[in-house]
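**Student:** Residues annotated as S-nitrosocysteine in Swiss-Prot, with experimental evidence given as evidence: Cys11. The GTP binding site annotation in Swiss-Prot covers 31-38, 78-82, 145-148. The motif 'Effector region' feature in Swiss-Prot is assigned to 53-61. The cysteine methyl ester annotation in Swiss-Prot covers Cys278 and rests on similarity to another entry.
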Amino acid sequence: MKLAAMIKKMCPSDSELSIPAKNCYRMVILGSSKVGKTAIVSRFLTGRFEDAYTPTIEDFHRKFYSIRGEVYQLDILDTSGNHPFPAMRRLSILTGDVFILVFSLDNRDSFEEVQRLRQQILDTKSCLKNKTKENVDVPLVICGNKGDRDFYREVDQREIEQLVGDDPQRCAYFEISAKKNSSLDQMFRALFAMAKLPSEMSPDLHRKVSVQYCDVLHKKALRNKKLLRAGSGGGGGDPGDAFGIVAPFARRPSVHSDLMYIREKASAGSQAKDKERCVIS
């Protein structure tokens, strides 16, 4: 599919873009109020930090990538720290593919909320996949934000290690500062590696392109695809091979669309398992 045509469809008046389910993912950010969830999202999308605090009800963003000739869609769901609607919280978890749980190092209550959230994610996902929570694989990182306020720290390192466990493939922990932009790139790289997604999705590993440069992006994507077909590389992780565009006016999908998304993902996972069972060694 031509990337120029793709970007034209990103306007709200046009129909939804059709990208294969295997290339569509959703990143969900969860945590208490005032821990810095929106600041992390802002760093991810724009590289900027907004010092003013505005309470989030629920913010939805969408980003498209061209990576080595493939087009990817990443939805970003910035959830509310207050959850008056448990059903919506559960739906957010069900539709999530990768998770960032955020607490503030200077707020013990927010750490305890992350403990509850992690358990809720494991319980919800294990129910969906018909597995025990010990066996369900959910790409998840826990972030202790406000590392620049270490003097006011209320959470002990040993408690964090106990929560995270000793398997970095299941859960990773990062102490970050969204304000100082500290350790965020490493955190995103680890999360995408855990989910087996292209590392170029991390903000520091692709070029940011605005919508008005879609023709340039399309030409570069075609060039990279031709190089790949010719066996000339393109898979080395060079930022020149990857481009990202934040979709303007992205709208949260309807509940019906979310339910269809869950169904499609579950069906794709089931088919992959069936293929594994049919392999003759």
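Note: Cβ is positioned from N, Cα and C throughout, glycine not excepted.
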**Student:** May I ask for the residues of the chain that lie six or more residues beyond the motif 'Effector region' (53-61) and have a Cβ under 8 Å from a Cβ within it?
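**Tutor:** Here the qualifying positions are 33-34, 37-38, 41, 45, 75-81, 88, 246-247, 250-252.
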**Student:** Quick one: of Thr79, Asn82, which of the binding-site residues has the smallest count of other CB atoms within 10 A?
**Tutor:** Asn82
**Student:** Which residues in the same chain, at least 6 apart in sequence, have a Cβ under 8 Å from the Cβ of Lys34 (GTP binding site)?
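**Tutor:** Residues satisfying the criterion: Tyr53, Gly81, Ser104, Asn107.
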**Student:** Starting from each candidate's C-beta and looking 10 angstroms out, tell me which of the binding-site residues Gly31, Gly147 has the most other C-beta atoms.
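**Tutor:** Going through Gly31, Gly147 one by one, the largest Cβ count within 10 Å is at Gly31.
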**Student:** List the same-chain residues at least 6 positions away in sequence whose Cβ sits under 8 Å from the Cβ of Lys37 (GTP binding site), in sequence order, or say none.
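**Tutor:** Non-local contacts for Lys37 (GTP binding site): Ile29, Leu30, Gly31, Thr56, Asp78, Thr79, Gly81, Ile100, Val102.
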**Student:** For the motif 'Effector region' (53-61), DSSP counts of helix, strand and coil?
**Tutor:** 0 helix, 4 strand, 5 coil
**Student:** Is Thr79 (GTP binding site) helix, strand or coil when read with DSSP?
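**Tutor:** It is in a strand.
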